[in-house]
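Listed in Swiss-Prot for this protein:
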BINDING   Asp32, Ala33, Glu34, Tyr35, Asp36, Ser81, Leu82, Glu113, Arg136, Glu173, Lys290, Lys314  NAD(+) binding site
ACT_SITE  Lys115  active site, N6-AMP-lysine intermediate
BINDING   Cys408, Cys411, Cys426, Cys432  Zn(2+) binding site
DOMAIN    592-669  domain 'BRCT'
Amino acid sequence: MSDVAQRLTELRKTLHEHGVRYYVEDAPTIPDAEYDRLMRELLELEAAHPELMSSDSPSLRVGGRPLDAFESVVHEIPMLSLDNAFDDGELESFYRRMTDRIQAVQHSAFCCEPKLDGLAVSLLYENGVLTRAATRGDGMTGENITENVRTIKAIPLRLQGADFPTRLEVRGEVFMPKAGFEALNARALKKGEKQFVNPRNAAAGSLRQLDSKITAQRPLAFYAYSVGVIEGGELATSHYQRFLQLKGWGLPICPETKLVTSLAEVKAFYQDILQRRQFLAYEIDGVVIKVDDIQLQERLGFVARAPRWAIAYKFPAQEELTLLNDVEFQVGRTGAITPVAKLEPVFVGGVTVSNATLHNADEIERLGVMVGDTVVIRRAGDVIPQIVSVVLERRPENAKSIVFPTRCPVCQSDVERVEGEAVARCSGGLICQAQRKEALKHFVSRKAMDVEGLGDKVIEQLVDREMVSTPADLFRLRAGELTILERMGPKSAQNVIDALNKAKQTTLPKFLYALGIREVGDATALNLAQHFLSLEAIQQASLEQFIEVPDVGVVVASHLLAFFAQDRNQQVINELLEQGITWPALTAAPVAVDSALAGKIVVLTGSFTQLSRNDAKAALQALGAKVTGSVSKNTDIVFAGEAAGSKLAKATELGIQVFDEQALIEFLK
C-alpha cells in the first residue's frame with residue numbers, strides 16, 4: 001500500500017471514529033477545529049488521487065453533483081405505517097386485541113420510544129457499508145436518496161465492529177432538531193428567503209433536494225427505530241436488544257427509548273414524555289409502543305397497513321381560538337359538496353391554520369356554528385384541522401347563519417342528498433368544471449395512470465381553457481397545444497406527451513382505479529381485476545357477482561353497478577380504449593373443479609403455524625374456494641388457527657362448520 005493510500009485509510013478510520021463519538025455517543029474527544037483539519041486533509045488527498053476514492057469516505061457527507069430526478073426503490077419488506085391510539089381506552093383496546101389473540105403478550109415487555117416528527121427512511125448496509133438509502137414513499141415504493149443521506153453526519157457510512165449481518169436494512173427517522181430549525185429559518189429571514197413552516201417540513205424538504213450539497217448544509221439528524229431485511233447473520237430476539245446492537249454498530253438511537261414490563265408502565269412513560277415534550281431537542285407528536293419479543297411480533301403479524309404488535313399513542317391535539325370569517329363550498333371528484341371554514345389564521349399544532357373542513361350540513365347543525373363566531377380549532381392527531389366547538393358567549397350580534405346550497409356553486413346543477421347519506425352532491429357529473437378537474441387529477445395520479453408532468457396546476461389550466469373535458473381528451477393533446485400554458489415550454493410539453501403515451505401501457509387494476517368509481521380504492525380495484533380477470537366481465541357483472549369479490553359489500557357493489565350502467569361512463573371507457581390504452585391479459589390460477597371446496601365460501605381466522613395466511617388463501621382458491629374476510633350466513637366453512645377471536649364466535653353462533661389447522665392441511669393435500 002502506498003503512503004498516500006495508507007494515510008487515506010488512517011484519516012477515514014479516524015474521522016469515522018470521531019464522528020461516532022460526536023454524533024452517536026455525544027462524547028467528542030477532539031476539538032471541532034481538529035476534526036475540521038482532518039477533514040480538509042482528507043478532501044485534499046482525495047481530490048489529488050481520485051483513483052483512491054472510497055464509497056464509505058466521510059468526505060461524501062459534503063454532497064455530490066445534482067440529480068435530475070430520484071429513482072424509485074421497491075422495498076423488499078413493506079414499510080408499513082402504525083395504527084393510532086388517542087386515549088387510554090384506545091391503548092387498552094390495542095392491548096386487549098393482542099392478548100385475546102395471544103395470551104403470552106400479557107407476560108411480554110414493551111419497547112417505548114418518542115414518535116419523532118420527521119421523515120421515515122430505509123438504510124441498506126452491505127458488508128457494513130451504506131449502499132442505498134430510500135424514503136418510505138407509499139410503503140411499497142420509495143425514492144433513492146442515497147447521496148443526500150450520505151451528507152447526514154449522524155448516519156454512519158460504515159458500521160463499526162464485525163458481527164453485523166452481511167445485508168442489513170436499518171429503518172429510522174430523519175428529523176431536524178429544534179435549534180437547527182430555528183437557526184435555518186433565521187438565516188433564511190436574513191437573506192430574504194422563504195422560511196420553513198415547521199421542522200418536519202424542513203427535514204422533508206432538505207432530504208428531497210436534487211442537489212445533495214444543499215442537503216449537506218442542513219442540520220439534519222437521525223435516530224434508528226427498527227430493522228427490515230436481515231441476511232447473512234442474526235439479530236437479537238428482543239426489539240430493545242436490537243436497538244443496543246444497532247447502537248454498538250454506530251447507529252444513533254433515541255436516548256429516551258425505554259423498556260417497560262406492564263401496561264401501567266407504558267402509560268407512565270407516555271405521561272412522562274408528554275410532560276417533557278417541550279423540553280426535548282426535537283419535535284414529537286406521541287410515543288410508539290412495541291411488543292419487545294420478536295417471536296411474538298411475528299406471531300401477531302400485520303393487518304393491511306400496520307403491525308398488530310405496535311401502536312402510536314398520539315398526544316392530545318393542540319387547540320386554539322380563532323374567528324370563522326366565512327364558509328366556502330367546494331366540489332370534489334364525486335360531486336361531494338364540502339363546506340370549508342375560512343378562519344382568521346392561527347398557529348396551532350406546529351402550523352398556521354387558515355382553513356378547516358366542516359364536513360357536511362349535519363356537522364354544521366351539530367356545532368350550531370355561524371359566520372363571525374369564535375371557534376375552537378383543533379388539529380386532530382396533530383394533522384387535520386377541525387372546528388370542535390363554538391364559544392357562544394363571544395357570538396357577535398351580526399353573526400350570519402350558514403346556508404347549505406341547493407345548487408352547485410360551480411355549475412349551478414341541483415344539489416342532491418341521498419337518503420341515509422350525510423354527503424350532499426352536485427348532480428352535474430362531468431359537465432361540472434370542478435368535478436371534471438378533480439376527476440382528471442385522480443385519473444393521472446400515481447396510483448392510477450401515473451402520468452408524470454401533469455400536475456394539478458396543469459390540469460386546472462387545461463379545463464379552464466376548455467382543452468379537455470374527459471380523460472380521453474388528454475391523449476388527444478399535442479405538444480404544440482400545450483405550449484400556450486403557463487410555465488410550459490416546448491421541452492416540457494413534449495415530456496407530457498411522452499408521459500401520456502407511456503401511460504397507455506397500464507394494468508387493469510390501475511385502469512379501474514383511475515376511473516374514479518365511488519369507494520373503489522386501489523386495493524378494491526386489484527380484487528376486482530383478480531376476481532373477474534377482464535374489463536368486459538366487470539362491466540357485465542350483477543350486484544350478486546360484485547358482492548362475491550373479497551371486501552366488496554352491498555354499498556360498493558351498488559356504486560359499481562350504477563357506474564357501469566351509465567352510458568356516459570361506458571362512452572368514456574370506450575374512448576380511452578380507442579386511444580390505445582392496453583394492459584396485459586390476466587389469467588386465473590388453475591382450479592380443481594372436483595375439489596370438495598369448489599364453490600365454497602371460506603373464511604380464515606386466527607394464526608397458523610404450518611403455513612402463512614397468504615399461502616393458505618392461495619391454496620384454497622386453487623381448489624375453487626372463495627376466500628372472504630368476514631363471516632356471514634353465506635359462509636360455508638371457517639378454518640380457525642390459534643387465538644381465533646370474533647370470527648370464530650360468530651361462526652359458532654351461526655352454526656357454520658369450523659375446522660382447525662390440521663383439518664385445513666388435510667383439505668389441501
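Backbone N, Cα and C atoms are what each Cβ position is placed from, and that goes for glycine too.
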Cβ neighbours of Cys426 (Zn(2+) binding site) where a neighbour is any other Cβ within 10 Å: 27
Rounded to the nearest Å - Cα separation of Leu82 (NAD(+) binding site) and Cys432 (Zn(2+) binding site): 38
Nearest of the binding-site residues (Arg136, Lys290, Cys408, Cys411, Cys426) to Lys115 (active site, N6-AMP-lysine intermediate), judged by Cα-Cα distance: Lys290
Least surrounded among the binding-site residues, given as Leu82, Cys432, when other CB atoms within 10 Å are counted: Leu82
Spatial separation of Arg136 (NAD(+) binding site) from Cys432 (Zn(2+) binding site) - C-alpha basis, Å: 36
Remaining residues near the recorded Zn(2+) site, that is with C-beta within 8 Å of the centroid of the site residues Cys408, Cys411, Cys426, Cys432: Val331, Gly335, Pro409, Val410, Gln412, Ser413, Ser427, Gly428, Ile431, Gln433, Ala434, Gln435
Residue among binding-site residues Cys408, Cys411 with least C-beta crowding, 10 angstrom cut-off: Cys411
Structural state census, the domain 'BRCT' (592-669) (DSSP three-state): 27 helix, 17 strand, 34 coil
Distance, Arg136 (NAD(+) binding site) to Cys426 (Zn(2+) binding site) (CA atoms, angstrom): 37
Cys411 (Zn(2+) binding site) and Lys290 (NAD(+) binding site), distance between Cα atoms, whole Å: 51
